[in-house]
Amino acid sequence: MCGIFAAFRHEDVHRYKPKALQLSKRIRHRGPDWSGNAIKNSTIFVHERLAIVGVESGAQPITSSDGEYMLCVNGEIYNHIQLREECADYEFGTLSDCEPIIPMYLKHDIDAPKYLDGMFAWTLYDAKQDRIVAARDPIGITTLYMGRSSASPKTVYFASELKCLTDDCDTITAFPPGHVYDSKTDKITRYFTPDWLDEKRIPSTPIDYMAIRHSLEKAVRKRLMAEVPYGVLLSGGLDSSLIASIAARETAKATNDVEPSTYDSKARHLAGIDDDGKLHTAGWTSLHSFAIGLPNAPDLQAARKVAKFIGSIHHEHTFTLQEGLDALDDVIYHLETYDVTTIRASTPMFLLSRKIKAQGVKMVLSGEGSDEIFGGYLYFAQAPSAAEFHTESVQRVKNLHLADCLRANKSTMAWGLEARVPFLDREFLQLCMNIDPNEKMIKPKEGRIEKYILRKAFDTTGEPDAKPYLPEEILWRQKEQFSDGVGYSWIDGLKDTAEAVISDEMFASPKAEWGSDIPTTKEAFWYRLKFDALFPQKTVADTVMRWIPKADWGCAEDPSGRYAQIHEKHIE
């Protein structure tokens, strides 16, 4: 994962270069390892690199051997080994997992993203046609923004974070996931079209527990593609604990197959998995896990149990309420949002990411996406029917790029730490989003708590020779929102502080430019003021989506799971 900035068809690109470098410097936190830039005709690409794969040779922008194609990527392409084999006639110049995008473009034109398995946001310049193509991964794990200026309407800008675009652009949009932009037509079109995207289509595929297990294991294995130390974010909840357990097993397997102590960094190695799904490299010989919370937080206690059970080298960090409050301005600056849920959950993740990076780790696995896929948020218990349950699930997955994916990407990349999310693997999504939603429904009378089928898939009861993935009390632990699990006093402290900072008079007088998007709580009002101080342009605010449960299901507007009625009913 890195940071990219691009300006296509700039009227004076060479004079603009110093400014482009300064704008890209605003996202150097995303790529502290190296900065690169290239100009071709009237287009400039700038890249801030975080080196994880192809460490010695993968600097960007990448240019084809004939100099006609220029590529800038923020992401990881997990099937790059297979893509290299498909493009054997192309002259590769690096070991980067991203370089195969160029020959895939030559082979498939704007359909190239369809063949990429990974998380990515990229721009590719074709000098022969004076054409730029930009694409974002299917779910929007990786951030990308697009901007235009009324003063220079022919110029198109792209950046990993919108703070790079605010100087030049009066129109900024979040680039839609699963889409590709082609300057030849000046249109953005969808390339990712799985059947489950149609929320009106209610699937009926029977449950296959072993298929779920094997698919998630493969998804984790793919994401251990790295030449640097990695770890897992471990909250002690179901999602992060499953990812940690699988990662510990896969790390042990990879360590046995490829002993890192014999790894020659100067030799030509391709990190990743082969056609048989076998992992060829291991960043560390043991898995390291990381947890954060207020002292004695529920997450910290659960994470200790999991780490001990799976044998990870565990690192526990605590923060005080004041440290969290002190970080809010930085969190909002990096996240570029005023959404209450995102800010609450991102602040501990932001603080933890700094600690992790200080320990020399560059990549972590994280558990985002499971709640959307399996209806794990506690308000899903109020779903009136399986059809409505599924429709809400699809909508939540579609909006992940504006919520949990944004949080996971920006709160970690603020410190040059890459977060990978196995639950959002393309194959895993295809499998799980096509399961009959009746199987996912929360049915207390039948003993089916939230994410029952995911828990059941990794329950080895009845498999006498199988090693358990998790302790039973963790596998069947009730859902906590991350911002709740780090300590209930975290949310209470935010609310109390907002009450003290925002007077009744202020709260009764929202800004006229907010229009109908008026904060309904003093906490939300406080965050919006902080956001506006950093990003006063309306076009920036228009990129923000507020995460709230479905009010028409009788749910409280406060997004904390603790305020959902179902939380009071501990389901056996």
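Just so it is clear, glycine is given a Cβ too, placed from its N, Cα and C backbone atoms.
Copied over from Swiss-Prot:
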ACT_SITE  Cys2  active site, for GATase activity
DOMAIN    2-186  domain 'Glutamine amidotransferase type-2'
BINDING   Arg49, Leu50, Ala51, Ile52, Val53, Asn74, Gly75, Glu76, Asp97  L-glutamine binding site
BINDING   Leu233, Ile292, Ser366, Gly367  ATP binding site
MOD_RES   Ser265  phosphoserine
SITE      Glu368  site 'Important for beta-aspartyl-AMP intermediate formation'
MOD_RES   Ser509  phosphoserine
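Secondary structure at Ile292 (ATP binding site), taken from DSSP and collapsed to helix, strand or coil, is strand. Cβ contacts within 10 Å of Ser366 (ATP binding site), excluding its own Cβ and spanning all protein chains shown: 25.
Over all protein chains present, the Cβ of Arg49 (L-glutamine binding site) has 24 other Cβ atoms lying within 10 Å. Counting in whole angstrom, Arg49 (L-glutamine binding site) lies 24 from Gly367 (ATP binding site) by their C-alpha atoms. Averaged over the domain 'Glutamine amidotransferase type-2' (2-186), the predicted model reaches a pLDDT of 97. In the three-state DSSP scheme, Asp97 (L-glutamine binding site) falls into the coil class. Its Cβ placed at the centre, Ile292 (ATP binding site) has 28 other Cβ atoms within 10 Å. Apart from Arg49, Leu50, Ala51, Ile52, Val53, Asn74, Gly75, Glu76, Asp97, the L-glutamine site neighbourhood in this chain, defined by C-beta within 8 angstroms of the site C-beta centre, holds Met1, Cys2, Gly54, Gly58, Val73, Ser96, Cys98, Glu418. When the Cα atoms are compared, Gly75 (L-glutamine binding site) and Ser509 (phosphoserine) turn out to be 43 Å apart. For the pair Leu233 (ATP binding site) and Glu368 (site 'Important for beta-aspartyl-AMP intermediate formation'), the Cα-Cα distance reads 11 Å. A separation of roughly 26 Å, to the nearest angstrom, links the Cα atoms of Ile292 (ATP binding site) and Ala51 (L-glutamine binding site).
Within the group of binding-site residues (Ala51, Leu233), the Cβ with the highest number of other Cβ atoms inside 10 Å belongs to Leu233.
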